[in-house]
Amino acid sequence: MDHHRVSRRTKILTDHLNPSPSTATSTLSLTPCLNYSPPELSNPFVFNVREMRALMDGHSLEDRDWIFNLIIQSDLFNRREQGGRVFVSPDFNQTMEQQREITMKRIEYLKDNGVFKGWLTDDGPEADLRKMALHEVIGMYDHSLGIKIGVHIFLWGGAVKFLGTKRHHDKWLKSTENYEMKGCFAMTELGHGSNVRGIETITTYDSNTGEFVINTPCESAQKYWIGGAANHATHTIVFSQLNIDGSNQGVHAFIAQIRDSDGKISPNVRIADCGHKIGLNGVDNGRIWFDNVRIPRENLLNSVADVSSAGEYLSAIKNPEQRFGAFLAPLTSGRVTIAANAVYISKISIAIAIRYALTRRAFSITPNGPETLLLDYPSHQRRLLPLLAKIYALSFAVIELKMLYVKRTPESNKAIHIVSSAYKAITTWNNMRTLQECREACGGQGLKTENRIGHFKGEFDVQLTFEGDNNVLMQQISKALLAEYIAHEKRNKPFKGLGLEHMNHPLPVIPSQLTSSIIRSSEFQINLFHLRERDLLRRFAAEVSQYQAQGESKESAFIQSYQIAEDLGRAFSERAILKTFLEAESKVSPGALKDVLGLLRTLYALVSVDEDASFLRYGYLSTDNAAAVRKEVPTLCAELRPHALALVSSFGIPDAFLSAIAYDWVDSNSWSSTQH
């Protein structure tokens with residue numbers, strides 16, 4: 001190697017190890033360490049967040065705040081201090097057995113503080129709404145706790161209340177409310193989940209003893225995923241085929257004891273644990289086999305049908321289909337509570353992700369300039385703010401659903417079933433998508449269990465399939481809409497109910513060229529959603545009819561048309577949600593709050609359009625107009641950016657129910673924080 005090359009390499013190495021001040025500063029400018037700055041200092045609120053919270057919660061604000069504080073003040077709820085704030089969330093380092101036991105201790109604490117008072121013994125819309133509000137807050141703390149209480153009160157207790165009569169109410173409602181016994185709900189079987197009609201458990205009547213005999217005839221008939229069955233439940237509602245004198249009368253509901261008060265399993269009952277799950281390990285899901293278990297005749301929940309002491313089957317509802325529908329009534333409350341719970345979990349995750357994005361910086365846009373806040377990047381706005389708009393839309397939808405439910409009448413039951421199925425599917429799908437996006441938007445911090453979002457994914461995934469698989473629910477909705485359409489065609493009467501009245505009016509006309517002002521108008525948005533729904537309904541009816549003309553049965557034709565059925569189910573759901581948003585918006589006085597709601601509603605509508613290929617597939621929008629809609633989305637996100645903090649603050653969720661990265665994430669990760 002020549003002398004010149006050696007000298008040059010020596011100089012390069014020397015300069016690298018001992019850079020001159022001028023060389024160092026020209027390459028890299030030293031900046032002070034990052035510090036947390038509260039976003040409130042630079043994000044002023046232009047509307048009244050308390051007024052917005054009242055719109056978002058819809059009811060029972062004082063009751064919500066009371067139970068928030070009840071949970072936060074107790075060490076039973078794993079209180080811890082980080083970054084100068086108190087946080088509460090379950091300790092998922094505990095074993096499955098420990099999680100189950102702490103769940104029961106928390107239930108005991110809530111009972112002793114009067115939380116469950118009147119949940120089954122008080123009647124009327126106000127009592128129902130208070131119960132829902134308290135249950136929503138409990139579910140925001142821990143899904144296991146919410147489910148464990150929900151199975152006992154809403155499913156077991158709801159079945160006794162709505163399927164039973166006075167003799168059952170007098171015996172069971174007060175004792176259920178006081179947790180003198182613990183109930184569970186044995187509907188699902190190993191071989192049958194969504195298809196309740198096909199369950200295989202068989203109950204016969206013995207007129208010699210005046211007893212029903214419940215039997216699990218095969219392994220696929222074992223009751224499965226029964227919350228509370230593995231450890232704690234003393235009684236269960238058994239859904240079973242009722243066989244009277246060799247004639248199957250269909251699915252009925254019975255009360256059976258499965259344990260005594262000391263926890264000893266009852267004779268001829270076998271129980272096994274479902275084991276560890278990806279979430280909900282504070283709930284003791286179990287499997288149950290019945291080996292000719294005898295129960296008194298009075299344990300048939302008999303508001304729909306009864307059996308006399310002589311063994312005669314009695315029911316005022318002669319139609320087996322209508323009888324079956326009446327027995328499924330308790331499931332409606334489950335879908336209502338799941339939908340509400342999914343929205344509140346989405347609120348927690350988006351609040352954490354947006355607060356973090358308002359204080360976390362990454363990269364500089366200008367040389368040697370300050371790093372940019374995550375939420376000032378248009379791409380980050382596009383990730384989070386449409387989800388925020390959807391959460392606002394779904395909040396209004398769930399409030400409407402709850403009001404429908406608490407004011408229900410026999411005439412409204414069908415509508416409640418369809419709307420609850422729609423909103424349960426849409427809210428839970430959206431929740432999982434929100435959790436995933438927020439987890440990613442929080443980077444590595446989103447992986448930490450203490451920051452809640454990542455762990456929520458495992459906890460709430462189950463919502464997509466329990467109380468009805470979402471894809472099946474979408475098809476059920478389309479089936480119901482098809483029945484409405486066929487009835488309309490046969491009777492030549494106007495559509496009435498389910499929001500289908502728009503079908504009675506002329507077909508909406510979409511302008512051939514869309515401007516920003518047209519795209520943002522509520523009239524254009526609802527017209528576009530109406531156009532999609534009515535066209536898909538007609539296409540669905542035509543496709544089913546075509547399959548039938550080819551010799552397929554009605555059921556087979558429906559199954560073959562599943563793709564358009566799912567498109568129609570989504571179209572119905574999103575139109576109903578947009579309509580509810582518009583109704584809520586119309587009740588607000590002109591001003592800043594109404595203006596922000598208008599931005600949120602428009603963003604919800606446009607993102608829904610952008611995400612659904614139906615608008616292009618069936619020609620509701622031209623490619624140019626679809627592009628114009630898409631182009632408007634980032635503009636709306638930029639306009640909502642200054643309101644992001646106010647919008648998540650309007651959820652009314654206490655700091656303690658969020659997580660450390662929503663606040664001073666530097667201090668909560670400091671060395672000193674590890675020394676406590």
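The count begins at 1 with the first shown residue.
Glycine too: its Cβ is placed from the backbone N, Cα and C atoms.
Annotation source TrEMBL lists domain 'Acyl-CoA oxidase/dehydrogenase middle' at 184-293. Taken from TrEMBL, the feature FAD binding site applies to Thr188, Gly227. Look at TrEMBL and you will find 331-482 tagged as domain 'Acyl-CoA oxidase C-alpha1'. As annotated by TrEMBL, active site, proton acceptor applies to Glu467. The domain 'Acyl-CoA oxidase C-terminal' feature in TrEMBL is assigned to 524-660.
Of all the recorded positions listed (Thr188, Gly227, Glu467), Thr188 has the fewest other CB atoms within 10 A of its CB. In the domain 'Acyl-CoA oxidase C-terminal' (524-660), the DSSP tally of helix, strand and coil residues is 113 helix, 0 strand, 24 coil. Separating the Cα atoms of Glu467 (active site, proton acceptor) and Gly227 (FAD binding site) is a whole-number distance of 13 Å. Note on the domain 'Acyl-CoA oxidase C-alpha1' (331-482): mean pLDDT across this stretch is 96.
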